[in-house]
Amino acid sequence: MFTQPVPTLARDGDAIVVLDQTRLPFRTEQRRLATLAAVATAIHSMEVRGAPLIGATAAFGVAIALIADGSDAQLDIALQTLAATRPTAVNLHWALGRMEARLRPLPASARLDAAWAEAETIRAGDAETCAAIGAHGVALLEAVAARRNGPVRVMTHCNAGWLATCGAGTALAPVYAAHARGIAVHVWVSETRPRNQGLLTAWELREAGVPHSVIADNAAGILLARGEVDLVITGADRVAANGDSANKVGTYLKALAAREHGVPFHIAAPLSTIDFACPDGAAIPIEDRGPAEVRSVQGVAVDGSVQNVALVPDTTGAANPAFDVTPARLITSIITERGASPPGRLRDLFPEAP
Ligand SMILES: CSC[C@@H](O)[C@@H](O)C(=O)COP(=O)(O)O
């Protein structure tokens, strides 16, 4: 099983310790979160980010909230507060739904212990899920390695690596599995403006010794056109019943260019990201994070401090849809913990899912 170099989420007594991802890749700083408000703020501000990690962290947030008391009113406050933090990643609602189903039938006095236990089950389960996605997805890279000399050239977008989960990641799990098997891999990492989560991916890959190149988001098309990409793998934040998949904004453009140039485009996502109640991509809520993130960029100044630098005056108009939807017709397969499936056949893999 993949061991995270720094745990993204761990219990620490009556609190949790998380990696502050707003400081990465410049600083590796952990934060201790001991109140419901602190957990909710960490998710909303993206100190904790990535769909599976958001879900597991929210589950622990419910437990922390119940330290005060295990009443119905307190449980309702916890569920409502956490559900309001981010709209697109359905893992958040999946995890909160699991917590409510486990806790609501219990007497108030029994809820706290059960909440810690259920949150830990969700955290550990996510690590196992990532491992299974890696084990299934690595076959795609092995197939490429068998037919060409040189490294398998994977393109990804945003960060769907270990930082986004409690395990090896989703889109990067097959990459790590291939690397562990001695398959040469090179990853094209798009920077993913405005929040630059691609730089988190580059940081992860560098730490793991996986060769990679950061590219400007706009460079993906020329690399696909030149035949320099064997396959694209991204994560997802919500997959609709028909296979339409919401992921970080910019994913859709890669899928379009991949289709134009005959390059397979795969989504790696666990059941906790699949929303069978959502018929298609048009029903997926898309987070709008406001203009400030587009008007600035974060980096390290010459004095070594991490700083936000304005790119335009704060009166310049800007728009910031944080996700887009890739239609199922552009997706070659969705790699899940139960194997890879054409996007329209997901139900066959999870017949029991609600
Ligand atoms: C494994 S999470 C899905 C990712 O591919 C990606 O969209 C993502 O990291 C989520 O975005 P974020 O806004 O950083 O929480």
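Glycine too: its Cβ is placed from the backbone N, Cα and C atoms.
Among the features that TrEMBL reports, substrate binding site is placed at Arg49, Gly50, Ala51, Arg86, Gln197, Asn247, Lys248. Under the heading site 'Transition state stabilizer', TrEMBL lists Cys158. Residues or ranges marked as active site, proton donor in TrEMBL: Asp237.
Taking the mean position of the Cβ atoms of Arg49, Gly50, Ala51, Arg86, Gln197, Asn247, Lys248 as the substrate site, the remaining residues of that chain whose Cβ falls within 8 Å of it are Ile54, Ala89, Cys158, Asn159, Ala160, Ala164, Gly235, Asp237.
Binding residues for substrate (Arg49, Gly50, Ala51, Arg86, Gln197, Asn247, Lys248) extend across at most 16 Å, taking the greatest CA-CA distance. Lys248 (substrate binding site) sits 6 Å from Cys158 (site 'Transition state stabilizer'), counting Cα to Cα.
Taking CA atoms as the reference points, Arg49 (substrate binding site) and the residue listed as 'active site, proton donor' are 11 Å apart.
Sequence-distant contacts (6 or more apart, same chain, Cβ under 8 Å) of Gly50 (substrate binding site) comprise Gln21, Asn159, Ala160, Leu163, Ala164, Thr165, Gly235. Look at Cys158 (site 'Transition state stabilizer'): DSSP puts it in coil. Within 10 Å of Cys158 (site 'Transition state stabilizer'), counting C-alpha to C-alpha distances, fall the following of the binding-site residues Arg86, Gln197, Asn247: Gln197, Asn247.
Separation of the C-alpha atoms of Asn247 (substrate binding site) and Asp237 (active site, proton donor): 5 Å, rounded to the nearest whole number. Ala51 (substrate binding site) sits 6 Å from Asp237 (active site, proton donor), counting Cα to Cα. DSSP gives Ala51 (substrate binding site) a helix state.
Annotated pair Arg86 (substrate binding site) and Asp237 (active site, proton donor), C-alpha to C-alpha distance, rounded: 11 Å.
Asp237 (active site, proton donor) has a Cβ environment of 31 other Cβ atoms inside 10 Å.
Within the group of binding-site residues (Gln197, Asn247), the Cβ with the highest number of other Cβ atoms inside 10 Å belongs to Asn247. The two recorded residues, Gln197 (substrate binding site) and Asp237 (active site, proton donor), have Cα atoms 14 Å apart. According to its DSSP assignment, Gln197 (substrate binding site) is helical.
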